[in-house]
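This report refers to the structure that appears directly beneath it.
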Amino acid sequence: MAACFTTAAAAALLLLMLVVTCCDAQPPPGFYPSKRIRARPFYRDFRNLWGAQHQSVGGAGATIWLDSTSGSGFKSRRPFRSGYFGASIKLQPGYTAGVITAFYLSNSEAHPGFHDEVDMEFLGTTPGRPYTLQTNVYIRGSGDGGPGRVVGREVKFHLDWFDPTADFHHYAILWNPNHIIFLVDDVPIRRYPRWSAATFPRRPMWVYGSIWDASSWATDDGRYRADYRYSPFVARFSELLLRACSPRAPPRCHAPSLAGGAGGGDALSPRQEAAMRWVQRGHMVYHYCLDPKRDHALTPECRRRRWPSFTTATMRRQPTTSTMPNNATS
């Protein structure tokens, strides 16, 4: 009798675990834009920007690394006014504190001191702790102020629902006249809408990738710094995907839709919205609009939205200082 009871109890426990795991699994987004774009040879669309001796190019991708002498970066050959910009990236495991790997859009070279920027930055970490993905938007010089005068729009996520060091994962930015959407493996994780002309980038931007030392702020607000005993720190980029409109493209050129199907559409589908809520509920660790230390007069969009209760209940605060070294772009 006891053996039968034990077997039944074990079966019930296993069933409960399966139900919990199923219910907690990431919902599929239902549409996979990265599968509809073909990668092209790296040198057709990109060129080295700095640290050429720390960059190796092959096929549709590039490997860049950082050591005590230099990091490295690359840049698209053309600017774009809108589009889908994606890269499959594999990050380095182990001790990577202080190191930033970045994939981003910027026009800092065309508009120094008054530039726009859309960032996906992978903040290095220490063993046993997840990477943090910092998404950010700068508009018309809001990232060009001195200490204490930078106005970022950071939203951060712990990459702990998968291992970004074990394999390549696809990270993308969709930028069109209505919104900016950040995606991980085709799942939207953040939507930044065009609240007003003053809070949205509209000037053409280039596409960049880089790796550099940001020890002053990247990991626990600079508590853990880059340790070059663990170098080289390597970031591998593959399948760099561009489907975008150049500044001179005709008006009918537009960024790909995320909705899928004939004619597409600009709004996220219900399945995409559900997948985004899942990521934000379980893995978002910082949102600039929910930071009581921020002056929200500088980010007026924060006062226009009612924030869902789960964000204030589950979000774990992290440092927000964001200062770049003079010899690197990110």
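Every residue gets a Cβ built from N, Cα and C, even glycine.
Per TrEMBL, the feature signal peptide maps to 1-25.
The annotation domain 'GH16' is assigned in TrEMBL to 21-237.
In the three-state DSSP classification, Glu117 (active site, nucleophile) falls within a strand. The Cβ of Glu117 (active site, nucleophile) has 22 other Cβ atoms within 10 Å, all protein chains considered. Residues or ranges marked as active site, nucleophile in TrEMBL: Glu117.
Among the features that TrEMBL reports, region 'Disordered' is placed at 311-330.
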